[in-house]
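Engineer: Just lifted these from TrEMBL, have a look:
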type	residues	note
TRANSMEM	A:12-33	transmembrane segment
TRANSMEM	A:40-58	transmembrane segment
TRANSMEM	A:70-89	transmembrane segment
TRANSMEM	A:116-134	transmembrane segment
TRANSMEM	A:159-187	transmembrane segment
TRANSMEM	A:199-220	transmembrane segment
TRANSMEM	A:232-255	transmembrane segment
Amino acid sequence: MLGSFAVLRKQSLLGDAISHAALPGIAIAFLITGAKDSNTLLLGALVSGLIGTFWIRGIIKKTHLKSDTALGLILSLFFGFGMLLLTFIQKQPNANQAGLDKYLFGQAATLLESDVWLMAIVTSVCLFVLLLFWKEFKILLFDADYTKTLGFNTKFIDILITTFIVLAIVLGLQTVGVVLMSAMLLAPAAAARQWTNSLGMMVFLAALFGAFSGVFGTAISASQNNLSTGPVIVIVAGIFVIFSFIFSPSRGLLFKQIRFIKNRRDLQLHKTLAFMYNIAETHDDISHPHAIKILNNFQGFTKGTLQKLADKNYVTIKGSNWSLTNEGFKTASNLYNQQTKSHE
Amino acid sequence: MKKNIAVKIDDLTVAYNYKPVLWDIDLEIPEGVLMAIVGPNGAGKSTLIKSILGILKPIAGSVTIYNKPYKKQRSLVAYVPQKGSVDWDFPTTALDVVMMGTYGSLGWIKRPGQKEKKAALEALEKVGMLPFKSRQISQLSGGQQQRIFLARALVQNASIYFMDEPFQGVDATTEIAIINILKELRKARKTVIVVHHDLQTVPEYFDWVTFLNVKKIATGPVKDIFNDDNLTKTYGINYKVSIQE
Ligand SMILES: Nc1ncnc2c1ncn2[C@@H]1O[C@H](COP(=O)(O)OP(=O)(O)OP(=O)(O)O)[C@@H](O)[C@H]1O
Ligand SMILES: [Mg+2]
């Protein structure tokens, strides 16, 4: 759901960076408290995720590095540091660390009821804030400079959006894991964008696809032994994306192709009809018969198109002659007017 | 008769890195003029507008609108950004974009209602885009997108309008339609400031002009200062426009 905003911001990498940045937080939280209690660990993830994000912001603003560079830098820095800490923890003798690597790839099976409650609560808070600041989010995403001239505090809106993206990511870590989290954030949004042109609908669909992938993925991985939940969920989400890219009615590849072929056919018909119209116009009687032969030199004319025009009752064919019907004449003259109008 | 000063800029200096792109600009724009800002690419025209509107933070200098700091007078000012500054693939409709012009007066959280919608429809009508109100913005032509931006500014019902290249990539018909709207605004005693590239049309469209190239070269009535001398100073090369009388 919140992924929609990341996609529209062209900051798709941000999700990746945040989830990787969360790793050292988990490790540090474990080192300090020695506990495996997921709330503590997630708090650590949240803090280091936020630090990472605002560092990225700072780097982009202060130096003139491109945003990809800054993201990549923070991503590898934090992830490397996190891995280092994890190895260190694993070498420790008291090792009840076994649970920590679940944050790498995720394991929904280890979710406790309290974790699920936490997710539900945070999700509803996000939803509430989203609805409350809907107008502000929309205009900031579309045109940040303009938003500023209207007197809105753009920094505040920006921080709000970012915080919620970080929150969503951190919560998802347990289920999907650090490595695949960004895919989980972006895939539903990318799929949703294919189906709709309205921001509201897009966010709703993304949430739906996301939830569906989650449920379905978990079900599959639970029914098969030894399948990690995270990858399965992401694969299900990926299937949504592929399906959407191919089949969506307005942006999908399949329908684009079909429309293209249909348009080309229509165009051929129209061109032939227009040509006939020109000939027929020179006669007082529009239904005056003409030889089919004179059409032969005309580009775009085939026997097939003539037959189709006859099927549509635009022309009648008698032997080697054709003549325009009243209906055909009308259609053709409409086509003409339309064309000159659209050129105005 | 002494005219009211709508916009007053003092000692404005702006830099992105170390080198200033605007250097010590002083400028007074009288109320009710239709003013062109001209200068070569990279002269800092867009930067000037963005600094006036608080989008960029200047190193030094101040901007006042009707004798008060800009921040207190925001509601008097409307902005038409350069068309290329936003992503037109954003999932929204023409009407929705125009409605955004009402967000400022609505303030936080409150949603636009019937009144705002009516205002937006009127603005669309004015720019001749009413038939396209439900159209996805990605499916509008460049000139139509430009008109949508203009309508969004009109909805704000401001006193001062800043427009960054509103004629960029529009055909002759649209250009005339837009300039007629601007002239109407001037008639209503509004002040309109336009970044403009086509020097030939300056005398025909505008009554006031500012030459800019990092520094302010000149500012004043078109009939007094729009001459080869100032053009040469601004554009560096020996410039000759034939000004039709
Ligand atoms: N975001 C930025 N970061 C760094 N330098 C910038 C940035 N934007 C503009 N500049 C530089 O500032 C100078 C002025 O740019 P500006 O966009 O104001 O010019 P302009 O007069 O609007 O040009 P044009 O006619 O091409 O629109 C240019 O030299 C440009 O390279
Ligand atoms: Mg510019």
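Cβ from N, Cα, C; glycine included.
Heads up, TrEMBL stuff is auto-annotated, nobody curated it.
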Engineer: State, in range form, which of A:12-33, A:70-89, A:159-187, A:232-255 has the highest count of Cβ pairs under 8 Å to the transmembrane segment (A:199-220).
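Structural biologist: Highest pair count goes to A:232-255.
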Engineer: Looking only at the recorded stretches A:40-58, A:70-89, A:116-134, A:159-187, A:232-255, which one has the largest tally of CB-CB distances under 8 Å to the transmembrane segment (A:12-33)?
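Structural biologist: Looking only at A:40-58, A:70-89, A:116-134, A:159-187, A:232-255, the most contacts with the transmembrane segment (A:12-33) come from A:40-58.
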Engineer: Give me the stretch from A:70-89, A:116-134, A:232-255 with the greatest number of Cβ pairs under 8 Å to the transmembrane segment (A:40-58).
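Structural biologist: Per the Cβ under 8 Å count, A:70-89.
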Engineer: Could you pull out which residues elsewhere in the chain have a CB under 8 Å from any CB of the transmembrane segment (A:116-134), counting only those six or more residues past its ends?
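Structural biologist: Tertiary neighbours of the transmembrane segment (A:116-134) are 1-2, 39, 42, 157, 160, 164, 167-168, 171, 200, 203.
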